[in-house]
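Colleague: Quick one: structure below, then a few questions.
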Amino acid sequence: MEENTYPQKLLAELLGTAMLVFVGVGSVPATTLLDGNAPFTMAELGMISFAFALVVVAMVYAVGHISGCHINPAVTLALAATRRFPWRDVPGYLGAQVAGAVLGALAIVGVLGRRAVGAGLGIASYASPTGAGQAFFAEAVGTFILVFVVFGAVDRRASGGFAGLAIGLAVFAVIIPVGPATGAAINPARAVGPMVVGALYDGTVHWGQLPVYVVAEVAGGVLAGCCYVALNARRTHAVPAASTVPAAPAAPEGALS
């Protein structure tokens, strides 16, 4: 069976993550610029969530057959931790995802201009009354749900052809409750990329919050993968020795097997 080369997979991860950030994260400053600096309404939060969901669905079907469409370090690390992805490929995937996130954030500035930086550039952050502990929990729970759905959707026993839709719906659902608390990054690359570009353009970046996002998301993702594997474990039934199994009668000549 032919397989894409490793560089092709890395390029797919880079482009997939770039498009995720450009469309999903880009919808945040776009909404702010259209509506002023007023707090997002529920309808606006829903539209931002929908933008993230749509681009995730699109990327799963566009590059899933090339690289697996992880486009999220938490997914890559969860798959590796559960022996579903080779550790030797992890560094390249993580690098491609972070580079793609930076590229996507740069594209936001290229399209919307520096005013996108003034509008926050979609950088995930939290502020009072949300503290570090609450933010950690929110990101861990949100990433847990996303990665758990990813594992179930790509299981060989799952209904074929619906993985992208299931994962996109999970993203949409998670952003609704987690977004108001932390911005719902649920993806370390998505958290890092806009921060890097925001800093390049002298935007407001809370670097001290980055470890909260990265550690919570990786922990939530790996825990979700381990939980899915534990729930999916099946007993292996012993097969009687050949000498104790009665021989089956010979089938008539020409009979269907």
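Every residue gets a Cβ built from N, Cα and C, even glycine.
TrEMBL lists these features:
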TRANSMEM  12-34  transmembrane segment
TRANSMEM  40-63  transmembrane segment
TRANSMEM  93-112  transmembrane segment
TRANSMEM  132-154  transmembrane segment
TRANSMEM  161-186  transmembrane segment
TRANSMEM  210-231  transmembrane segment
Colleague: When only pairs 6 or more apart in sequence are counted, do the transmembrane segment (210-231) and the transmembrane segment (40-63) reach 3 or more Cβ pairs under 8 Å?
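Modeller: Answer no, regions not in contact.
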Colleague: Please figure out which one of 12-34, 40-63, 132-154, 161-186 racks up the most CB pairs under 8 Å against the transmembrane segment (93-112).
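Modeller: Ranked by Cβ pairs under 8 Å, first place goes to 12-34.
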